[in-house]
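First the structure, then my questions, so here it is.
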Amino acid sequence: MSREGYPNFEEVEIPDFQETNNTVPDLDDLELEYDQYKNNENNDTFNDKDLESNSVAKHNAVNSSKGVKGSKIDYFNPSDVSLYDNSVSQFEETTVSLKEYYDHSIRSHLTVKGACSYLKSVFPIINWLPHYNFSWFTADLIAGITIGCVLVPQSMSYAQVATLPAQYGLYSSFIGAYSYSFFATSKDVCIGPVAVMSLQTAKVIADVTAKYPDGDSAITGPVIATTLALLCGIISAAVGFLRLGFLVELISLNAVAGFMTGSAFNILWGQVPALMGYNSLVNTRAATYKVVIETLKHLPDTKLDAVFGLIPLFLLYVWKWWCGTYGPRLNDRYNSKNPRLHKIIKWTYFYAQASRNGIIIIVFTCIGWAITRGKSKSERPISILGSVPSGLKEVGVFHVPPGLMSKLGPNLPASIIVLLLEHIAISKSFGRINDYKVVPDQELIAIGVSNLLGTFFNAYPATGSFSRSALKAKCNVRTPLSGLFSGSCVLLALYCLTGAFFYIPKATLSAVIIHAVSDLLASYQTTWNFWKMNPLDFICFIVTVLITVFASIEDGIYFAMCWSCAMLILKVAFPAGKFLGRVEVAEVTDAYVRPDSDVVSYVSENNNGISTLEDGGEDDKESSTKYVTNSSKKIETNVQTKGFDSPSSSISQPRIKYHTKWIPFDHKYTRELNPDVQILPPPDGVLVYRLSESYTYLNCSRHYNIITEEVKKVTRRGQLIRHRKKSDRPWNDPGPWEAPAFLKNLKFWKKRENDPESMENAPSTSVDVERDDRPLLKILCLDFSQVAQTDATALQSLVDLRKAINQYADRQVEFHFVGIISPWVKRGLISRGFGTLNEEYSDESIVAGHTSYHVARVPQGEENPEKYSVYTASGTNLPFFHIDIPDFAKWDI
């Protein structure tokens, strides 16, 4: 039985060898024939081949003094750029140095000008205060007073959430509003007590108080809250001054929305007992689900306070609906023809909605005064706020009790995260809406300084409020200076209205809290958008809410933070590396989009891949183009062309020039290209691989495995393992198992070999070991256009990959790199011998080097717009580094 010889590879004829009878050929003979095959192949590799020539310049093969053949590709049409003798000017590319990095990225920040710029950035008010005018003042005054009217009742309500007396909420409000004006980069954010931070403060007070079972008189709730503000302020300011605000970006928006929704749900149910009048019967510091259960159990214990809670809550929602939705809709419907009246009613609705909290509290405070005046605490039918000290009490340097800071340590990370994330998320959101830039580092400084100054007034932690910031933006505030007017309103209330605050019903404050906090609950549209944008974000959001509700707010915060970091690491550790194929694409401008979806195949196409419309004649103003649809029907279409005059008085024809684009093979899934387009594989012996993330120690092993598996799958060995002695084969790749001679002579083995069923059940190999038609790997092109950085571990993995592939291919495989965007990545690659041929890893006699350079053309000026200067785009000393993926189909491989 005769057997055919080796496959025809690179037009090399391999002598056939015959096998007679059924005996196994001698290994020495096979090795001799294989050596002859390799010699013929190598000799043919260095022979110059005839190259075709056409209107576009083709390759010019040049044999170097070392015997390495280089081929040069002309990427420009000769009508555009003329390259003499297909040559490029020499350009020696150097590697980046530490001095260059210092000059480029560091030097400018260490100068006197840089120091002045830094100091100026700490006080943004310096940039806009000289331009302050009366129009800005009027807008800021109106917005500031409006926010002040909202801030007073809200700050007292949130102090109740924090289990603190009402005056501490007022202290935090006025000092936060004052100090933020001088450090802010957002004109809309309002600093003060907020719901989530107040809840966290209450948790901290409860935890720290539990650590003092004997009841130290110096460790009170206000002292713990002020100490927490001190520590949060120091850390926030330090992070801002050191410009480490990017750390806040590690937690994603969906994670922030998750724990804010869970916290809002916690606050809402925590205020229901006070709303109904049985607050002392329910432990509102327990897990949320327990609070819900206990609240429902004690519904029969409802008191008269429910009247002062449920009615205000109902009125607040009706008020919001009428003034925010239905009233403006009626105004637009019936007053659109009277612009002046329409504007008056519009602003009336707006300010009525903004003042709803204050008006409700004033009304029910009057009722509370009427029914509780002159009665003792036990005789009062409802719970009222009680005594609120007038003015600023105990102003001065705050002294921290010994040992208190260490007790706060375990609660500090969660508190800082709540303090920073909510504020940064709010400020950046309004910055996008109102078209101004928010500097996160400076915002951290503003929060830190505000809380540090607050310790002189016994304030508790304050940060940005979403509801007040939204109201401030709707008031058309112009500068952060409006905070001065808001703070003045709070200060005025502290000195003039504390007597009236005594009669505020606690149930009414709970109604205000529930009404304000309900806006923090994520709507079903937000939840559904998370699912549509990314299911993983949806899962993070839901799980964070559940953990916050069924465990604690701290656990929800830590889970959200860990989830965000885990997703970041997993995306880097498991990159979506892709092997690429090629397709010819072209840009068609001002094209007519046909309503049908048939695929068009142009019949008239020249040799350069340029499709043109067929000219119907010199006098004919219409030219016809034939195309073929996917239903195999020829359709003739008349395309009207614009009659631009040309020197030959002929109609200019549209030209579509195609170029090679490299696309992943799984483009049907990635939607990078029309799924009906067939991706052509690279030429034989070429693999193109795109890395989708930075090439680091986290993912280098995965890339190594993906590439080696693909190499072994689509290419054959340089030295077939069947033609090697068994003793020379590696233990981890010994080849197919063959039965020993004594086993083949046994009767049952012969019967097994002749049994059709056993042949069907025998393991099959994807490649015929007798005849392997797969090509030899010659070029591995790595697309580094998305690789921002690399490290020593990854570079060593790349060296190991080169060694393994060279050993598999039995030759030096060329490693080409495309689109390197970092000079440090290029420096690392060069240090490990990449960028050109490396004779250290293989015998030069089996290397066929291919050189390809990109050139760039630059117009010489307006005087000679048709003349260009041509430069070499990449270093000629590094021929394996490219700006774009070469068109390997044009290479002489």
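Heads up, the Cβ atoms here are built off N, Cα and C, so glycines get one too.
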Of the ranges 444-464, 780-800, which one does Swiss-Prot flag as transmembrane segment?
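Checked against Swiss-Prot: transmembrane segment maps to 444-464.
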Hey, in Swiss-Prot are Val161 and Leu268 both on the same membrane side?
yes
Between the candidate ranges 1-25, 26-50, 626-650, 701-725, where does Swiss-Prot place the region 'Disordered' annotation?
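Matching range for region 'Disordered': 1-25.
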Identify the transmembrane segment range according to Swiss-Prot, selecting from 400-420, 421-441, 673-693, 736-756.
400-420
What else in the chain is close to the transmembrane segment (306-326), if you only count residues 6 or more beyond its ends and a Cβ gap under 8 Å?
274-277, 349-350, 352-353, 356-357, 360, 364, 367-368, 382, 505, 507-508, 510-512, 514-515
Would you confirm whether the transmembrane segment (245-265) and the transmembrane segment (132-152) meet the contact rule of 3 or more C-beta pairs below 8 angstroms, pairs 6 or more apart in sequence?
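Between the transmembrane segment (245-265) and the transmembrane segment (132-152), contact is absent.
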Between 164-184, 400-420, 444-464, 484-504, 560-580, who has the most Cβ pairs under 8 Å to the transmembrane segment (222-242)?
444-464
Do at least three C-beta pairs under 8 angstroms join the transmembrane segment (533-551) to the transmembrane segment (560-580), pairs 6 or more apart in sequence?
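Yes, the transmembrane segment (533-551) and the transmembrane segment (560-580) are in contact.
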When you look at the transmembrane segment (484-504) alongside the transmembrane segment (164-184), do they share 3+ Cβ pairs under 8 Å, ignoring any pair fewer than 6 residues apart in sequence?
yes
Between the transmembrane segment (484-504) and the transmembrane segment (132-152), are there at least three Cβ pairs closer than 8 Å, leaving out pairs fewer than 6 positions apart?
yes
Quick one: find which recorded stretch in 189-209, 351-371, 400-420, 444-464, 560-580 has the most Cβ pairs under 8 Å with the transmembrane segment (132-152).
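The listed stretch sharing the most Cβ pairs with the transmembrane segment (132-152) is 351-371.
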Under DSSP, the topological domain 'Extracellular' (465-483) has how many residues in helix, strand and coil?
11 helix, 1 strand, 7 coil
